[in-house]
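K.L.:
Just dropping this structure here.
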Amino acid sequence: MGCFFSKRRKADKESRPENEEERPKQYSWDQREKVDPKDYMFSGLKDETVGRLPGTVAGQQFLIQDCENCNIYIFDHSATITIDDCTNCIIFLGPVKGSVFFRNCRDCKCTLACQQFRVRDCRKLEVFLCCATQPIIESSSNIKFGCFQWYYPELAFQFKDAGLSIFNNTWSNIHDFTPVSGELNWSLLPEDAVVQDYVPIPTTEELKAVRVSTEANRSIVPISRGQRQKSSDESCLVVLFAGDYTIANARKLIDEMVGKGFFLVQTKELSMKAEDAQRVFREKAPDFLPLLNKGPVIALEFNGDGAVEGCQLIVNEIFNGTKMFVSESKETASGDVDSFYNFADIQIGI
């Protein structure tokens, strides 16, 4: 017994005119637009200001190499970016879904956001960083770090397209693969460092079309103190649960607390399981367990004398009716912070 489809193919072939050749099969991957790597590369430039506008990279890989005395701005999200053999350059990189890798670079100033950050065989880099995982340096020296501080209208959407959370930033938790006894290959930039003094807003007509701001209160990524020494023994943990206004509420709370003189130490966005909630929220866990199924939580650590009471007052006045976890007292707050961030570090592999 023959196959119906083989008979149909035979009939189609017989009905085709003799001089008409059979068309080659078309597959979905044949329809994809061909990518020219040269469109996603800056190479061999000197004394130039160059860049890519929003929507022009659109998640592709990018390469920057052999550039000297250049200002380079990538105002879009990308897959990975490698920077090789660059000297005395200013570099801005929009959100990178994977890794940013600097190799054999000298005297560069950068602002960037990525999933993974790695530096090898580099000297004297100053980096304002947002990194979802622990930044790594190797065979490098005089590398200085600050917290990412940048804004333009498309940036928030680019973070989402790159799969990055603005609240997952381990910018100051550096791992040095090749430490030298008695020396420190990396340090933190001064807390009052002005990002525009390091990575200025571009002035060329094309790149000026991107409406950039480096004001701290407009930064897409919340500016945290990270691993800097805390100003007080008192910290407060706040956990916001997933909902329509969670990000807006987190930003509002940060603005209110910082406005009252408290410091934002660190932030985190991740999913919690029931056992995590039991460990962090303890006797209050039953109140919050149903909320965990709605999505990831956002956690904020504030520091300063009176942080717990100050935070409770703001939450009660501004967010009354919104369910949040707030440390109950100064005595329990330190344990709250440790419990949450210990589990969070384990989850992201630090």
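Just so you know, glycine gets a Cβ as well, placed from its N, Cα and C.
TrEMBL lists Gly98, Ser99, Gln115, Gln116, Phe117, Arg118 with the feature GTP binding site. Positions annotated as compositional bias 'Basic residues' by TrEMBL: 1-10. As annotated by TrEMBL, compositional bias 'Basic and acidic residues' applies to 11-31. Annotation comment: TrEMBL describes 24-179 as domain 'C-CAP/cofactor C-like'. Annotated N-myristoyl glycine per TrEMBL: Gly2, in sequence order. As annotated by TrEMBL, S-palmitoyl cysteine applies to Cys3. For 1-31, the entry in TrEMBL reads region 'Disordered'.
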K.L.:
Going along the chain, which residues six or more apart from Phe117 (GTP binding site) have their CB under 8 A from its CB?
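P.N.:
Listed in sequence order, they are Ser99, Val100, Val127, Leu129, Cys131, Thr133, Pro135, Ile136.
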K.L.:
List the same-chain residues at least 6 positions away in sequence whose Cβ sits under 8 Å from the Cβ of Gly98 (GTP binding site), in sequence order, or say none.
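P.N.:
In sequence order, Ala79, Thr80, Cys114, Gln115, Gln116 meet the Cβ cut-off.
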K.L.:
I want to check the contact list for Arg118 (GTP binding site): same chain, sequence separation of six or more, C-beta distance under 8 angstroms. What comes out?
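P.N.:
Non-local contacts for Arg118 (GTP binding site): Ser99, Val100, Phe101, Phe102, Pro135, Ile136, Ile137, Glu138.
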K.L.:
Other than Gly98, Ser99, Gln115, Gln116, Phe117, Arg118, which residues of the same chain sit close to GTP? List them in sequence order, counting a residue when its Cβ is within 8 Å of the Cβ centroid of the site.
P.N.:
Thr80, Val96, Val100, Phe101, Cys114, Cys131, Thr133
K.L.:
With GTP as the bound species and Gly98, Ser99, Gln115, Gln116, Phe117, Arg118 as its recorded binding residues, calculate the greatest Cα-Cα distance and give it in Å as a whole number.
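P.N.:
Those residues reach a largest Cα separation of 11 Å.
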K.L.:
Determine the Cβ neighbour count for Gln115 (GTP binding site): the number of other Cβ atoms within 10 Å of its Cβ.
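P.N.:
Result for Gln115 (GTP binding site): 18 other Cβ atoms within 10 Å.
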